[in-house]
Amino acid sequence: MKVYIETMGCAMNSRDSEHLLSELSKLDYKETSDPKMADLILINTCSVREKPERKLFSEIGQFAKIKKPNAKIGVCGCTASHMGADILKKAPSVSFVLGARNVSKISQVIHKEKAVEVAIDYDESAYAFEFFEKKAQIRSLLNISIGCDKKCAYCIVPHTRGKEISIPMDLILKEAEKLANNGTKELMLLGQNVNNYGVRFSSEHAKVDFSDLLDKLSEIPGIERIRFTSPHPLHMNDGFLERFAKNPKVCKSIHMPLQSGSSAVLKMMRRGYSKEWFLNRVERLKALVPEVGISTDIIVGFPNESDKDFEDTMEVLEKVRFDTLYSFIYSPRPFTEAGAWKERVPLEVSSSRLERLQNRHKEILEEKAKLEVGKTHVVLVENRREMDNQIVGFEGRSDTGKFIEVTCKEKRNPGELVKVEIISHSKGRLIAAIKGN
């Protein structure tokens, strides 16, 4: 039996797809990259924006046309959580719907017709923190919490993922040790509000926080690097930033989701901080780690966003000079406060703002890339680069999150840490040679 999984959205969805595959492997399913050959097609969905939801029904239609006659289609993930049985009504070719917090039930629903499992409000004490068998890999995703208690006006995640629960630290450490023994060199810690770790456990456990967890994980032999996503700026206090800076195994790259550079818009968004507060956190971080790589999320066209509000966002872009930018036009979502508001920024205005934001960020990346030439980085080898069956180099990321293409004829294995020097750049890409060659 073969299964094809289409994964949309965030790293948490990628982790859930790994979990789905692990559960199905117990039933002798093997993964295939060709949906035409699959006995089971799963679409693991994202509902953060409207566009992926529209794409879902297009994907269902395409898969229904090409699938084997008896193959089943299942919809999983966040869109499944909030649409539930409505998906079955809109897409009769779908056999079952499985919500984001019901992944472990996949074996119970694949043999049913028109099954719906989308509950998110079950007993916390009974919640199984399902660590599962994974393929050996250099970089592994590791869940440390699930759900979110924030009430951002635009965000559907608390509705689809449920309330925030931290996984007990002893379970996380056991899983990390297992991954390290299986060859993992870099951990990516996952949570909707990852740096709020410790806020609530499923049962009584000693009080710990995110920095405590990072320190413990860094002691595990074999783990060379630790990254995490997605944190909330509100929890980036001085204590956290200082311990982040001091821990040598915690990568010096961090996601700081701004969302808007306007204090007025941030207040409407219910983000809990101001433009000035955000810039203060960045200033403190850069004082501790001058070379830190910072990524961010920005929404343009939020209801009532004025020209001045957008200029405030552009001002923050100029001051921080983010290394990575994920930017989108505001998308109204069901079950959110802002989704019920009637005020809308015209699409042509939002589109113009997005284009301007993205174009300026591309220029910033070019400016920053020029300054990288001559600098050295330690790269974790992820993939070899080959041409005509000859090794021409490898690819990987620096400690600060920079993606680097390295030119060399030497064989370097995935998982190695290699010191390189940036020799050139092209359209924001960094090209390097092994240091000393």
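Cβ from N, Cα, C; glycine included.
What Swiss-Prot says about this protein:
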type	residues	note
DOMAIN	1-115	domain 'MTTase N-terminal'
BINDING	Cys10, Cys46, Cys78	[4Fe-4S] cluster 1 binding site
DOMAIN	134-367	domain 'Radical SAM core'
BINDING	Cys148, Cys152, Cys155	[4Fe-4S] cluster 2 binding site
DOMAIN	370-436	domain 'TRAM'
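Excluding Cys10, Cys46, Cys78 themselves, the residues of that chain whose CB lies within 8 A of the CB mean position for the [4Fe-4S] cluster 1 site are, in sequence, Met8, Gly9, Met12, Asn13, Thr45, Ser47, Val48, Pro52, Gly77, Thr79, Ala100, Val157, Thr160.
Counting in whole angstrom, Cys10 ([4Fe-4S] cluster 1 binding site) lies 14 from Cys155 ([4Fe-4S] cluster 2 binding site) by their C-alpha atoms. Geometry remark: Cys148 ([4Fe-4S] cluster 2 binding site) versus Cys78 ([4Fe-4S] cluster 1 binding site), CA distance 13 Å. According to DSSP, the domain 'TRAM' (370-436) comprises 3 helix, 42 strand, 22 coil.
Taking the domain 'TRAM' (370-436) as a whole, pLDDT averages 90 in the prediction.
Broken down with DSSP, the domain 'MTTase N-terminal' (1-115) shows 54 helix, 27 strand, 34 coil.
The [4Fe-4S] cluster 2 site is set by Cys148, Cys152, Cys155; from the centre of their CB atoms, other residues of the chain with a CB within 8 Å are Lys150, Lys151, Tyr154, Ile156, Val157, Pro158, Gln192.
Least crowded of the binding-site residues (Cys10, Cys46, Cys78, Cys148, Cys155), judged by neighbouring Cβ atoms within 10 Å of its own Cβ: Cys10. Remark: Cys152 ([4Fe-4S] cluster 2 binding site) has Gln259, Met269, Arg270, Arg271 as non-local neighbours, by Cβ distance under 8 Å and separation of at least 6 in sequence. A distance of 12 Å separates the Cα atom of Cys155 ([4Fe-4S] cluster 2 binding site) from that of Cys78 ([4Fe-4S] cluster 1 binding site).
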